[in-house]
Amino acid sequence: MASSSGTKNEVGPPRFLSRRMTRMPTIIGELPNDDNSAIDSELVPSSLAFIAPILRVANEIESDNPRVAYLCRFHAFENAHRMDPKSSGRGVRQFKTYLLHRLEREENETKPQLAKNDPKEIQLFYQQFCEKHIKYGQETRKPEEMAKICQIATVLYDVLRTVVPSGKVDNETRRYAEEVEKIKEQYEHYNILPLYAVGVKPAIMELPEIKAALSALRKVDNLPMPRVHSTSNRHDEMPRETVKSVNDILDWLASIFGFQKGNVANQREHLILLLANMDVRNKNLEDYTQLDSKTMKQLMDKILKNYCSWCNYLRCKLNLRFPQGSDRQQLELIYIALYLLIWGEASNIRFMPECICYIFHNMANEVYGILYSNVHPVSGETYQMATPDEESFLRNVITPIYKVLHKEAKRNKGGKESHSRWRNYDDLNEYFWSNKCFQLGWPMDLKADFFVNEIPPANERPNQVTVGKRKPKTNFVEVRTFWHLYRSFDRMWIFFILALQAMIIVAWSPSGSPAALFDQDVFRSVLTIFITSAFLHLLRATLDIILSFIAWRSLKFTQVVRYILKFAVAAAWAVVLPIGYSKSVQNPTGLVKFFSSWTGDWKNQSLYSYAVAIYLIPNIFAVIVFFLPPLRRTIERSNWRIVTLFMWWAQPKLYVGRGMHEDMFSLLKYTVFWIMLLISKIAFSYYVEILPLVNPTKLIMEMHIGNYLWHEFFPNVTHNIGVVIAIWAPIVMVYFMDVQIWYAIFSTLFGGIHGAFSHLGEIRTLGMLRSRFEAVPSAFSRGLVPSSTVDNRSKPLDDSIERKNIANFAQVWNEFIHSMRMEDLISNRDKDLLLVPYSSSDVSVVQWPPFLLASKIPIALDMAKDFKVQEDVELFRKISSDDYMRSAVIECYETLRDIIYGLLQDEADKMIVRQICYEVDISIQQHRFLNEFRMSEMPLLSDKLAKFLTVLLTVYEDVEVYKNQIINVLQDIMEILTKDVMVNGHDILVRAHGDNDKKEQRFEKINIHLTQNDSWRDKVVRLHLLLTVKESAINVPPNLEARRRITFFANSLFMNMPRAPKVRDMLSFSVLTPYFKEDVLYSDEELNKENEDGISTLFYLQKIYPDEWTNFQERITESKFINPAKDKEKIESVRHWVSYRAQTLSRTVRGMMYYKQALELQCFLESAEDSAIFGGYRTVVSNDEDHKVFSDRAQALANLKFTYVVSCQIYGAQKKSDDARDRSCYNNILNLMLTYPSLRVAYIDEREETVNEKLQKVYYSVLLKGGDKLDEEIYRIKLPGPATEIGEGKPENQNHAIIFTRGEALQTIDMNQDNYFEEAFKMRNVLEELRKTHHGQRRPTILGIREHIFTGSVSSLASFMSNQETSFVTIGQRILANPLRVRFHYGHPDIFDRIFHITRGGISKASKTINLSEDIFAGFNSTLRGGYITHHEYIQVGKGRDVGMNQISLFEAKVANGNGEQTLSRDVYRLGRRFDFYRMLSFYFTTVGFFFSSMVTVLVVYVFLYGRIYMVLSGLEKEILESPNIHQSQSKALEEALATQSVFQLGLLLVLPMVMEIGLEKGFRAALGDFIIMQLQLASVFFTFQLGTKAHYYGRTILHGGSKYRATGRGFVVFHAKFAENYRLYSRSHFVKGLELLILLVLYEVYGESYRSSNFYLFITFSMWFLVASWLFAPFVFNPSGFDWQKTVDDWTDWKRWMGNRGGIGIQPDRSWESWWDGEQEHLKFTTIRGRVLEIILAFRFFIYQYGIVYHLDIAHHSKSVLVYGLSWVVMLIALVVLKMVSMGRRSFGTDFQLMFRILKALLFLGFMSVMTVLFVVCGLTISDLFASILAFMPTGWALILIGQACRPMLKGLRVWDSIKELSRAYEYVMGLVLFMPIAVLSWFPFVSEFQTRLLFNQAFSRGLQISMILAGRKDKMSPDTHK
């Protein structure tokens, strides 16, 4: 009976429950999978999660006993109903209904098999199960198998107790249950270490280092044990107190503080692995029983270094105490374990490292009190040892802090609120940088200031934004303003401003020569730079006060005083220096006279000199300290009060950013770099930008201009100051921006030189590889084989060592080649040509891979054929001159001899072969080879041998036929050899057997079984290749990617890399990959789904990678698919083939798991005997007995050293999702876990649990591994709340999973990356870099690694992006790391010093919006906290990039947004202020400065054109250019000065490093070719377009915010994007700006044409026209099929529909123009008043058009009255009113009063015609006036729209908003038409579309791709079955 009540009816389940449940109102949900096992156990609603194990057991045992499985399900159903009788949980009702229906069905279908009723049935089954699996299985099964068995047995017993009445459970069942209960804890699911397993122990548990670490942890005998209070049910008994047993130190700490069980288990394994890995290094393993005390100290110092530094900073006493006589090692272990347990459960607080220090500080004090019976400092009582529950720490310590974070996160309104209005992670963490934090007390006072955030309203809803008084920001305020750039980098701006001032003063002198500086008057004038400096310092002091004002309440009093004093001193200097200077001038005038009158009659002329001397004293000190970096570092890190007081004025004391100064050598390197650069820049600026403009400026200032062409409001301004500003403004902006150009030039030069010295590109072609291949094995042994296994390098290599080196190399090389074969980069033939034989012992020469020996035998035969008799020596000399040819000849001879000798069974036959060989050998020795052998017959013999080898390799069915074929060819060979080739061959046959008649029967007995031997067949294959392969093998492999990988690997062996340690001695490491919802593995449907052109992804990839598809087909044809599942397996293989060419998770996981393969191979190379090494790795792997022993050991060491965690944040939600794609992702991730047993998946599990009779969401971090068929849970750690709601998604995702990583290093890998086997082999070399000290005691904290962009071959756009990215990750980061020392972390493959970073805030920062570019902040944080970042290029990781125009633009927008936020951040401010001057310059120009320069480049165009429009429309330019004195000089000066801007704008800056890097790695001829091809493919158009993207998003982010993560998608975007989509994406960033510049250029051309030479105009404006064309049409030029006529027609229809659709709530932007238009203004909804005002001021520029143009109209009759402008506004207003009337008429009369509306339109038309007639006839209006009016009034309307958008709330109140919207729609229509017309015209001509296709897909064309066929969708040329 399946009932929990235990009634006497024992025949079946109770019908009453079923009936009652079926009558309940239910919604029968369609569960999304036919696989019941998946439904039952994996789709359980979160509130019923506890029944999932029961259902899993039911599915597991169903095949053995369906009835017991049914009882298990019934038990699960009862539990579910009992826990949630009302089915209130999400999805519970549907699930229970489904389960009930299934139970009703199974009740009838299943019958007991072992007994007559259910109670007997389940007892018997339970006994059988336990006897079979537990009684006899413990000693033979693995721990993971036993864990599963125990779980099944436990669940079965629980079910049994509900089915069987308690009195009827027999004794044997109870005995088994007790046994299971005893051993259950020993067999829990484990991660890497099965710590409590008995029986068959995995090899990892037998490692002595693991045993030693475990033994140290379990030493708890001397610790005071916690007590558990237990209460009895009996009233007369007193409560008892028992001692709780603990297994180890972590258990002991958990029992004191209440850490969670999952956390304790996780950190236990973490700590054991850390200790084991650190302790085993360079240790003797023979007598290894306990840990070294140095290991413990080293680990404690490393983990608690930040804590010690924090205590030192706050001047509080460390709570790491070691009393006399205590067990120091045990105490150290307790402190380490305590810190790790706190960190492991801290959740989001892990981003607040000093908060964790505070928690540890107090808990360490408690531990000490408990151990040494101290009294509590507050209460005075002794510490209690009562055991808290396991969530006590989470509830009492973590959750209160988390709640503060959560409340602050609510304030930020999803990242849209101003940063100054809420506190982020940094603000809350920095609270713990002051002694104020100790006011929180311990236990923490929840009423303390830190926690009491505000008074929430009584009726507060969960998602309501909290109100109340805000807490102040801490130390820094992120205000949205460009002034941050000045405040952070003030020293740079002051330097450039002062240099500009000095240069202008010198250039203004009569001579204009730099020598004029030595003139007394000029020098005195130059000294005014100190006055400027004083005012600039005053500006900085003012900004410090204004921008930090919101944080003043949180600042120390001394900091506030410092700000005020700084301001006062700066203000004083701003007064003193001008007064001093005024006294030093002998004949003062103007402002100088005013200042000098202040000082009365003081006669002291040297006051200014004294003042300047005093003013410079701090700078002199700074220079001295600058050249003594160790002194500066010591001073900044010192905690002495006297030093602190001294430094108080120089810089405020902060916990981070102290002592970041480099060593002397590094400092000199980047100082020299910048001094050379600045000299070049200043010289260029002086001679090209400033000096040429001085004379024209003087002439302009002296001219008198009175003939204005408009109404001039300021006609009496002296010196034509407006013209001077218009001319100089763009030049000054270029002056500030062109340092970026000089940086590009210098970094390219230095980076190229550095790369050349690093041996980059020394092997870049197959020819270079062949020439140096002989040296490759020894280079491999030097770098990649541990030193103890290779003999001393200084000794000359003898033959045995060389062979050992080659054998070692062969293992790795061959695995590398096999991996490329499995990846389908090479064919089977290529593989055979590339493999190196494992052993050369069979032949007397080294056996090189056949691709090196290609055609050597045919060439040798040709040479020999032509030689005459008596020239033996010459022949052998010629052959020996080519080492490869000599090797090939000798190997062929010896291998052929062995093959034939091995085949023969008859001794007489063998005797003949021996005799022939003897003749060959002796004739060679005696130099009579050419006499004894006829060389002319050798080609015939060679052909016959080739045939013989072909026959040997034939796959045969009939043995006899096969044998006869071999005999026939063998006899032919012997006949040719003895009769034709050998002069005396007949004698050998005669000697072998005197009887001539038997001669024909020779060579008939052969060993046919030998042909089945693999190693023998390998010899035959190799010999066949040597004899037959011609010159074509020189190009092996033909695949470009395979070539790149081979040459890079070979080249890297000659680069400078640390020597590889033994696997046991290497640093342990983890790889962490965050995953959200991206593709895991393409489904069959996705592969074959066709787009609008009829193209599927599979078809596309077959054409992009034709050679790889052919190789794949060859591979799956030779694979022996199991017949019934053949098609399914083929489809699976195709899915993988496609997914491994996309940016999918499966590709990333496959790549990262190469680390494990490499480690296992390294274990083999280290531990195998010579015989095994010469036999080959693959031979050992294929030998079961050898493999078992080796594999267990290798896997143990690999697991000890390597862990891979993928953080699949929403895996739990995907598991239960109804969405087919989510379910597919879940299944694919599960399959990855089952395929790769070492893979771990972490996810955040959201469950509904009943708390106080209410369902609440509870969150857990969970770690999974692959089980038998499903995933298995290893650790579950409860979180204080939703972990990903507080900060940015990716860093939060990384943070929740980082606790499951292991080791001393951590590599961060993104989901769009790949790895390669040969690179994985070099990982232990790279990790050694973390142990190298640099310049003193500094060790790297982040290792930068280069990337290879694998998406470059898809299209020309992809190649631009690939080249740009490649140059950044190679030459760019190379120069950043050395010499500039400002490399940070840019995401992806960098390797972190894991312990350093987990104790200092993690591997990224997560505050919402401000940390949008989360990765780089990890680099900032590492540098600020004293880290050291390097870059290494001998190893690489693959990486995908965006390949479509829109994808790339979204990516660029995201990066620009991120840089905008960085500009406002405290990290950039602190680095900018605390780096020395030159390092600060490096930092600026390689981070935010690059984006600011991009923006300035665009602004220069605006400033130049608006200045010119002012001059043209006012008539000033005409007056000036018509002056004979000025024309030539000014135009030339402008041409030179503005040329620099165009260099930047055209993207040439980005191309320089690309060309250098391609030149280094591929050769400069290839680089030049690539450069020309890129220009022909319009690379400059692309880069100019992306310049606009950077400028727009960077500027808008700083002004208004609105930055967000932009998902770019990582698919194959090579298909057509609709016009409307392009318009939505680029309208505001490019099209509007492009049209504005177009109008400016047209006006400049039209109104200045009469007096200006066309050459001058063209030169000045060429780059601007190019920019306009790029911005307006690049998206269409780079849009596949952008000029296809049918697509153009469809796009127009789609655009019109989109424009016409109405918006509203829930309507997506891609559906309606109105929704999109509203979304485009979102940044203005959340901007500040300052942002709105700035937006309005910027909009005012559009009014200049109307003002300037109306005075040039013919109708104005040259009037300059202001009334003309006034009348133009009347016309404008009338036009707007008419438009409004039409709009209102359409709405009011459009449907019901059609006639009225038509009459209204007719009247308006007639009125318009009448007015126009009057204007033409009476007032003198002309046609040109009409066009001019359009150019005048259109910008005015746009200005009104912009102002309206900025004042939206007010206009909505005035009910004018709808009019603004309609006006905007009209403008959008016009802009759309202007853009669409050229596209439509070009689409008429078919050749345009053809040209565009060739332009876009040139890369693919060069690889044989018919892309036009793809885009047209013609599949007729494709093979009909893609899966074949």
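Glycine is no exception: its Cβ is also placed from the backbone N, Cα and C atoms.
What TrEMBL says about this protein:
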- 330-445: domain '1,3-beta-glucan synthase component FKS1-like' (DOMAIN)
- 492-509: transmembrane segment (TRANSMEM)
- 563-581: transmembrane segment (TRANSMEM)
- 607-628: transmembrane segment (TRANSMEM)
- 672-693: transmembrane segment (TRANSMEM)
- 713-735: transmembrane segment (TRANSMEM)
- 741-760: transmembrane segment (TRANSMEM)
- 1483-1505: transmembrane segment (TRANSMEM)
- 1733-1750: transmembrane segment (TRANSMEM)
- 1762-1782: transmembrane segment (TRANSMEM)
- 1803-1823: transmembrane segment (TRANSMEM)
- 1829-1847: transmembrane segment (TRANSMEM)
- 1867-1887: transmembrane segment (TRANSMEM)
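Most Cβ pairs within less than 8 Å of the transmembrane segment (1762-1782), among stretches 492-509, 713-735, 1803-1823, 1829-1847, belong to 1829-1847. Within the chain carrying the transmembrane segment (1733-1750), a Cβ under 8 angstroms from the stretch's Cβ atoms is held by residues 710, 1506, 1509-1510, 1512-1514, 1599-1600, 1639, 1643, 1724, 1727, 1756, 1764-1765, 1767-1769, 1772, 1828-1829, 1831-1836, 1838-1839, 1842-1843, 1845-1847, all 6 or more beyond its ends. Same-chain neighbours of the transmembrane segment (492-509): 485-486, 516-517, 519, 522, 525-526, 528-529, 532-533, 536-537, 682, 685-686, 690-691, 694, 698, 732, 735-736, 739, 1477, 1480-1481, 1484, counting only residues six or more beyond its ends whose CB sits under 8 Å from a CB of the stretch.
The recorded stretches the transmembrane segment (713-735) and the transmembrane segment (1803-1823) do not share 3+ CB pairs below 8 A when only pairs 6 or more apart in sequence are counted, and are therefore not in contact. Proximity of distant same-chain residues to the transmembrane segment (741-760), defined by a Cβ-Cβ separation under 8 Å and at least 6 residues beyond the stretch ends, is recorded for 673, 676-677, 680-681, 684, 1051, 1054-1056, 1370-1372, 1374-1375, 1378-1379, 1433, 1485-1486, 1540, 1543-1544, 1549-1550, 1552-1553, 1555-1557, 1559-1561. Regional average pLDDT for the domain '1,3-beta-glucan synthase component FKS1-like' (330-445) in the model is 89.
Among the listed stretches 1483-1505, 1803-1823, 1867-1887, the one sharing the most Cβ pairs under 8 Å with the transmembrane segment (1829-1847) is 1867-1887. Note on the domain '1,3-beta-glucan synthase component FKS1-like' (330-445): DSSP counts are 78 helix, 3 strand, 35 coil.
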